[in-house]
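Engineer: If you look up Swiss-Prot, you'll see Thr11, Ser12, Ser13, Thr264, Gly307, Gln311, Gly408 marked as ATP binding site. If you look up Swiss-Prot, you'll see Thr11, Arg15, Thr264, Gly307, Gly408, Asn412 marked as ADP binding site, on the strength of sequence analysis. For Thr11, Arg81, Glu82, Tyr133, Asp242, the entry in Swiss-Prot reads sn-glycerol 3-phosphate binding site. Swiss-Prot lists Arg81, Glu82, Tyr133, Asp242, Gln243 with the feature glycerol binding site.
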Amino acid sequence: MEYLLALDQGTSSSRAIVFNRAGQIVASAQQEFPQHFPQPGWVEHDPFDIWNSQLATCRAALEQAKLSAADMAALGITNQRETTMVWERATGKPIFNAIVWQDRRTEAICESLRAEGLEDEVRKRTGLIIDPYFSATKLRWILDHVDGGRERAARGELAFGTIDSWLVWQLTRGRLHVTDVSNASRTMLWNIHTGEWDADLMRALDIHPSLLPEVHPSAHQFGQTDADWLGASLTIGGIAGDQQSALFGQACFKPGMAKNTYGTGCFMLLNTGDKAVQSHNGLISTAACQSGTKRSYALEGSVFVGGAVVQWLRDGLRAIQRSADVEGLAASVPDSGGVVFVPSFTGLGAPYWDPTAQGAIVGLSRGTTIGHIARAALESIAFQSTALLQAMTRDAVSTISELRVDGGASANNLLLQFQADLLGIPVVRPEIIETTALGAAYLAGIATGFYRDEAEVAQQWRASRTFHPVISRDEAAHRIAQWEMAVAQVRLPTTRGH
C-alpha cells in the first residue's frame with residue numbers, strides 16, 4: 001500500500017487526488033456541482049450534490065491511476081470551511097440545504113449578538129469575530145426556520161456538521177459523527193484554549209450540545225469507510241479545513257512559517273506554534289492542523305478579491321481573452337505608471353474590515369494604457385497580501401523569514417516578484433502546488449504510520465522557484481504608502497447621489 005487518497009471538497013467543485021509516498025500526484029479527478037442563490041446574499045448547496053460529486057471523483061481518480069482502494073494506505077479529507085448542514089441521525093436526510101460560507105443571511109443574528117455585548121467574549125474564546133461567515137449563526141438560522149428543528153435537536157434526533165462531518169457520515173454509512181480541531185475552530189462554538197465545545201456560547205446561541213460532532217486531532221484514525229463505496233474499506237486518517245490543510249501541505253510546521261494561497265481571494269496563515277495569539281490588527285486566531293498531542297495555532301487573514309480582479313479585467317473590461325494573458329499585458333509596461341487599483345468590489349477584508357469600501361482606479365493620466373491598469377490590477381493582489389503580512393508581523397511573537405505560496409495565481413511570476421519586492425523577504429513557490437489536498441494526504445499518512453512524523457513530511461517539501469526582493473526598502477515603503485493613500489480614498493464616506 002504505497003499510495004494515499006485525498007478528498008478535496010471545494011466551494012464550486014469536488015476533487016480527488018492519488019498521491020504516492022513521495023507526495024507526487026499519480027492521478028486526479030474533478031467534478032463541478034450546482035450553486036443555488038435563492039435570494040440576494042444567500043448561497044446554498046444540495047448536500048447530496050456534494051456527496052455524489054465527491055464519490056464520483058474518488059472512483060474516477062482510482063480508475064485513472066489504474067489502482068484500487070486496496071492499494072491506498074489511508075484516506076484524507078480537506079474541505080471548504082464553515083459551510084453548515086443539519087441532517088436526521090436516523091435517515092441521514094438533510095433537513096435543509098447546506099448554507100455556504102459566503103452566505104450573508106444571518107447578519108441580523110450577528111447584530112443581535114453584538115448588541116448583547118458578546119463580541120469580546122467570542123473573540124477571546126474562539127479567536128473569531130462575530131460574522132455570518134462562521135457556522136454558528138447559520139446553524140441557529142436552520143433551527144429557527146425548519147419546522148420542529150429546535151425540538152428535534154433537543155431530542156437528539158439531528159446532527160450538525162461542516163462538510164468534513166457530512167462526508168465522513170456518508171463514507172461510514174452513519175457510523176461516525178466527527179470533525180477535527182481545524183474545522184471545529186471555524187464554527188464560533190469551539191473554545192480554542194480549552195479544546196472543547198463552549199457551553200456558554202452554545203447557550204447564547206440556543207444550540208443543543210447533542211447536535212455537535214466529536215472533535216479529534218487532524219491526524220487521527222477516525223474510522224473505516226464502508227467497503228461498498230470504493231471496493232475496499234479505507235482508514236480515514238486525516239481531516240482538515242482547506243486553508244489549514246494548505247499550511248500543513250506547505251510543511252509550515254514551525255512558528256513564524258507562513259503561506260499565502262492566491263485564489264479568487266487570498267488566504268494567508270501564519271503558524272504561531274502552541275500559542276493562540278490574540279490579534280490586535282484585524283486578523284483571526286484559529287486552530288492549525290494537529291498531528292500529535294500538542295495543539296497548534298495560526299493567525300489568518302483573508303483578501304476578498306485576489307485573482308478575481310483578473311477575472312474582472314477579462315469579463316468586465318474585456319481587456320484580455322484568457323486570465324493567463326494578464327501577465328504578458330502587465331509586463332508590456334515597466335511599471336504601473338503611477339496607477340493604483342483598489343479592487344474592493346465587495347468591501348475590504350483583513351486587516352481593514354470595511355464592508356462599505358468601493359473599488360477604485362486612481363492615478364490615471366493621459367498616458368495611462370490598458371497595460372498600466374493590468375499591471376496595477378496584479379499589483380493590487382500583492383499590496384493586499386502585504387497588508388496582511390504586516391498585520392501578522394505586528395501580532396506575531398516570531399519573525400517571518402519567507403512566504404510560501406500556492407493557488408492558481410501563484411503561477412504568475414510577475415506577481416510573485418512584486419510580492420517579494422514589497423515584503424522584503426523571499427517568496428517561494430513549491431514543486432507541488434496542490435498543497436491543500438497534499439496536506440490532507442500527509443495527515444492521513446502520519447495517522448496511519450505511512451509517514452513517521454512531520455519531520456519526514458518536511459523533508460519532502462521542495463521549492464520550484466524562489467523570488468528574492470530586488471528593489472530597495474525605501475522604494476517598497478514608497479509604493480506601500482501610495483497604496484495606503486488609495487485605500488484611504490475608497491474608505492471615505494461616499495458623496496454619490498447627494
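Backbone N, Cα and C define each Cβ position, glycine as well.
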Engineer: Using a 10 Å radius around its CB, how many other CB atoms surround Thr264 (ATP binding site)?
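Structural biologist: For Thr264 (ATP binding site), the 10 Å Cβ neighbour count is 18.
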Engineer: Looking at Cβ-Cβ distances, which residues of the chain lie under 8 angstroms from Gly408 (ATP binding site) while being 6 or more apart from it?
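Structural biologist: Those within reach of Gly408 (ATP binding site), by Cβ under 8 Å and sequence separation of 6 or more, are Tyr262, Gly263, Gly307.
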Engineer: Distance between Thr11 (ATP binding site) and Arg81 (sn-glycerol 3-phosphate binding site) at the Cα atoms, whole Å?
Structural biologist: 9
Engineer: Pop the Cα-Cα gap between Asn412 (ADP binding site) and Glu82 (sn-glycerol 3-phosphate binding site) into the table, whole Å please.
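Structural biologist: That separation, Cα to Cα, works out to 29 Å.
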Engineer: Near Tyr133 (sn-glycerol 3-phosphate binding site), how many other Cβ atoms are within 10 Å of its Cβ?
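Structural biologist: Taking all protein chains shown, Tyr133 (sn-glycerol 3-phosphate binding site) has 21 Cβ neighbours within 10 Å.
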Engineer: Counting other Cβ atoms within 10 Å of each residue's Cβ, which of the binding-site residues Arg15, Arg81 comes out lowest?
Structural biologist: Arg15
Engineer: For Arg81 (sn-glycerol 3-phosphate binding site), which of the three DSSP-derived states applies: helix, strand, or coil?
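Structural biologist: DSSP call for Arg81 (sn-glycerol 3-phosphate binding site): coil, neither helix nor strand.
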Engineer: Of all the binding-site residues given, Thr11, Ser13, Gln243, which has the fewest Cβ neighbours within 10 Å once its own Cβ is left out?
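Structural biologist: Fewest other Cβ atoms within 10 Å, among the binding-site residues Thr11, Ser13, Gln243, is found for Ser13.
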Engineer: Rank aside, I only need the closest one: which of the binding-site residues Ser12, Gln243, Gln311 has its C-alpha nearest to that of Arg81 (sn-glycerol 3-phosphate binding site)?
Structural biologist: Gln243
Engineer: I need the CA-to-CA distance for Tyr133 (sn-glycerol 3-phosphate binding site) versus Gln243 (glycerol binding site), whole Å please.
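Structural biologist: Cα-Cα distance, Tyr133 (sn-glycerol 3-phosphate binding site) to Gln243 (glycerol binding site): 15 Å.
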Engineer: For the sn-glycerol 3-phosphate site as recorded (Thr11, Arg81, Glu82, Tyr133, Asp242), determine the largest distance between any two Cα atoms, in Å, rounded to the nearest integer.
Structural biologist: 15
Engineer: Identify all same-chain residues not among Arg81, Glu82, Tyr133, Asp242, Gln243 whose C-beta atom falls within 8 angstroms of the centroid of the glycerol site's C-beta atoms; report them in sequence order.
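Structural biologist: Residues close to the glycerol site, other than Arg81, Glu82, Tyr133, Asp242, Gln243: Gln80, Trp101, Arg186, Gly241.
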Engineer: When you measure from the Cβ of Ser12 (ATP binding site), which residues in the chain that are at least 6 apart have a Cβ under 8 Å away?
Structural biologist: Glu32, Phe33, Gln35
Engineer: Could you list the residues of the same chain, at least six apart in sequence, whose Cβ is under 8 A from the Cβ of Asp242 (sn-glycerol 3-phosphate binding site)?
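Structural biologist: Residues satisfying the criterion: Asp8, Gly10, Thr78, Asn79, Gln80, Arg81, Thr436.
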Engineer: For the binding-site residues listed here (Gln311, Asn412), tell me which residue's CB has the most neighbouring CB atoms inside 10 Å.
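Structural biologist: Output for this query is Asn412.
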